[in-house]
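Trainee: Sharing a structure below in structure tokens format, with a few things to ask.
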Amino acid sequence: ERPHTGRLALYLLGLRATCPPPSPHRSLVTWLKYYLEEDWTGSRRHGHPLTSYYQYGLGVLALCVHHKRVREEVIRRLLTAQHHGRLGHSGKAVDTEAVVALAFTCLERRRLVGKELAVELRAAAHGASRSMAEAQGPDGVIGNIYSTPWALQVFLATGACQTEPVFGQAVAALLENLEAFGTAATMAQVLPVLHGRSYLDITSMHCQEEPGRSQGQRDRGPRWCPHRGGWVSPVPWWLLADTLTPLDIEPLAEVAGNKTVQLVVECPLPWCSELRLYDRPVPAPAAASLLDVLQAAAALEPHDFKFHTQDTPQGPFLTQVLGLEARQEKRNYWQLLTAPNTPLQMGIADYRPQDGETLILRLSEW
């Protein structure tokens, strides 16, 4: 069984934000240290952690937020991976690089490393900030819509937002795409950014104050970067809290009619000798999501089209199509695109294709 590095790290970050008594989570911190060592055993065979550099970076970040020292060897594993460009593909690379940069900034800021290593970590974090700024697209998105909050957290944590013109454009992109953040996990990434915070702010909370809002937090005021000639205040916290309150909202009216989506499955070398494995029109209800389209294709041709998903905090994740499984140890995944070559910004349960649209499921390497 794989180490639960990322899951435990996220739990400990959330736990620290709730100002718990110290005793219940001490054993969990010890377990996280153990998972980091177990996770790295995969490097002897695969050259990378058993889980991923993203989860490994989250583990280091969570330990730092809990004011726990990390062995220098553990930190240098992440430094080496960043220097050699091993941190992932497209949007996932931004996620991973951001998590690692936040971990580096936390370790340096909390003085949990020596002076020489602190200098290296500061340089690496600012280098990551510059690379994320360069990765911004014309729509303001950095990597993809879900990785954009991670990049903004790095800008906030390192102070780079004061000099990066990309900050305001990225915030505007988030505000235009808030409907994409519909799960607890994605909300947890975007809400701190909308309030001008990063996960590193958890480390400076004064837990004897009102839970969740220390005196320092109340008095800090605007935290946005200079944008268009002036300071912009963060979204008020009470408005953000309202987004987590269930409301009696009328369900969306069902869209009448049907649509047809051209569904394509591609498998390039070295995994397959033939690139295009499936290319057929699939009729579906007008309001159908991509997941609904896949289910419709499976119902039409149960022997020819099969797929599997895995439940994650971000929603269902496509793991297998036509018997071809995307596996972490193989460093591949099912990339979702709309023709000819535009990656989707949403997951299979959230994206709703248009009538006549061509959707591509492509087995890709990262």
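Every residue, even glycine, has its Cβ placed from backbone N, Cα and C.
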Trainee: Using the record from TrEMBL, pick out the residue from Cys19, Cys106 that is joined to Cys64 by a disulfide.
Mentor: Cys106
Trainee: Measure from the Cβ of Tyr53 (cyanocob(III)alamin binding site) and count the other Cβ atoms within 10 Å, all protein chains considered.
Mentor: 24
Trainee: List the same-chain residues at least 6 positions away in sequence whose Cβ sits under 8 Å from the Cβ of Cys64 (disulfide bond), in sequence order, or say none.
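Mentor: Listed in sequence order: Val70, Ala103, Cys106, Leu107, Arg110, Leu112, Thr203.
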Trainee: Quick one: give me the count of other CB atoms within 10 A of the CB of Leu336 (cyanocob(III)alamin binding site).
Mentor: 20
Trainee: CB neighbours of Cys106 (disulfide bond) within 10 A?
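Mentor: Taking all protein chains shown, Cys106 (disulfide bond) has 25 Cβ neighbours within 10 Å.
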Trainee: Fewest other C-beta atoms within 10 angstroms of its own C-beta: which of the binding-site residues Thr51, Gln55, Asn144 fits that?
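Mentor: So among Thr51, Gln55, Asn144, the binding-site residues given, the one with the fewest Cβ atoms within 10 Å is Asn144.
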Trainee: Enter the number of other CB atoms within 10 angstroms of the CB of Trp334 (cyanocob(III)alamin binding site).
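Mentor: Result for Trp334 (cyanocob(III)alamin binding site): 22 other Cβ atoms within 10 Å.
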